[in-house]
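> Below, the features straight out of TrEMBL:
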- B:12-31: transmembrane segment (TRANSMEM)
- B:43-62: transmembrane segment (TRANSMEM)
- B:74-92: transmembrane segment (TRANSMEM)
- B:104-125: transmembrane segment (TRANSMEM)
- B:145-175: transmembrane segment (TRANSMEM)
- B:213-236: transmembrane segment (TRANSMEM)
Amino acid sequence: MLNAMTVLLGFQLIGEIITRLAGWPIPGPVIGMALLFLVLVLRRGPGEELSRTSNGLLSHLSLLFVPAGTGIMLHADRLASEWLPLAAALLASTLLTLGVSAVCLHLLVRKGQQRQ
Amino acid sequence: MNQDSVSGLWVYLSARPLLGLTMTLVAYGIAWRIHQRFKSHPLANPVLIAVLLLVTVLTLTHTPYQRYFDGAQFVHFLLGPATVALAIPLYGQLQRLRRLALPLGVTLLIGSAIAIASAWAVGAWLGADEQTLISLAPKSVTTPIAMAVAEALGGLPSLTAALVIATGILGAMTAQGVFHLLRIRDAAAQGFAIGIAAHGIGTARAFQLSPEAGAFSALAMAANGLLTAVLVPWLIPWLKALFAAH
């Protein structure tokens, strides 16, 4: 677990350094994920320890969003005054994005299979 | 114990990181049990329940969010390595990713643009002000990217953070209903759509559906984060012209 955690933090650190130096508005961990993915492709897969630690970390991914989510209490005033446009925009946009994306990929994949 | 020593103890504990950290884990533990009790029903979203519990406790005890976060930041910090760890399930889908590269790319572009434009259109139509609309536009991507985009364009980054979390919870709660209605049963299509619409919180939900849905959600979340940072600045002048804010 210790080695695997070091690998994950190491890739995050490299990602942070790259986004800082390049001045991109992209978070370091996302760059770190892309780099680790490339390394896994080159090395043909993660070791057993890295797999196990990652699965452990990802099995309760929801927990990690709780502290940031609780920050919603800082916006009570604006949420109270603009709740209707905000709630309607979030709901309509989320439903539309989910539906259109799923149907789009489903149709494109089926079309590709028919051609083969 | 008398009243004074109880309040003295509270003052002591609430000033330490230990309390915020423990409260986060306890609230999530309770939320997780409720989630299980309702057989993982999407409406019993564990993030939503835990956040409601914590906001209630913090409000009732007059504890400022910042003091709570001093402790909760240790959990928050793990988001970084967890995001890096998404590379592992992603690698598991390598063969399918190679085969599906074109459909995935086209879907991502369409889904990402709809996520931005539809939120702006509905918000503007119902009278949100322009600063709110800019804060709303990047709502479908992971918090740090959304905040950076909103800040660069004159939005309110901390409002964006709240809207991002709300979007993630909403996406996690409604995804299965939408797929059921549209009869989409393919795990790749389900996961990819969740990742575009509802970033990490959606991805956490997608992993509950299947490891495959989770991997495609992680891919969509990462790719949509990058694409949104490019698309939002480019789309906003068009959106301003099409849907005037009040």
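Cβ atoms here come from the backbone N, Cα and C positions, even for glycine.
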> As a test: from B:12-31, B:43-62, B:74-92, B:104-125, B:213-236, pick the stretch that has the greatest number of Cβ pairs under 8 Å with the transmembrane segment (B:145-175).
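Most Cβ pairs under 8 Å with the transmembrane segment (B:145-175) come from B:213-236.
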> At least three Cβ pairs under 8 Å linking the transmembrane segment (B:213-236) and the transmembrane segment (B:12-31), pairs spaced 6 or more in sequence?
no
> What residues in the same chain, six or more past the boundaries of the transmembrane segment (B:104-125), come closer than 8 Å to it by Cβ-Cβ distance?
97, 132-133, 136-140, 192-193, 196-197, 219-220, 223-224, 227-228, 231-232, 235-236, 239, 242-246
> Using a Cβ cut-off under 8 Å, which residues of the same chain at least 6 positions beyond either end of the transmembrane segment (B:12-31) come close to it?
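Residues 46-50, 53-54, 57, 61, 63, 67-75 contact the transmembrane segment (B:12-31) from elsewhere in the chain.
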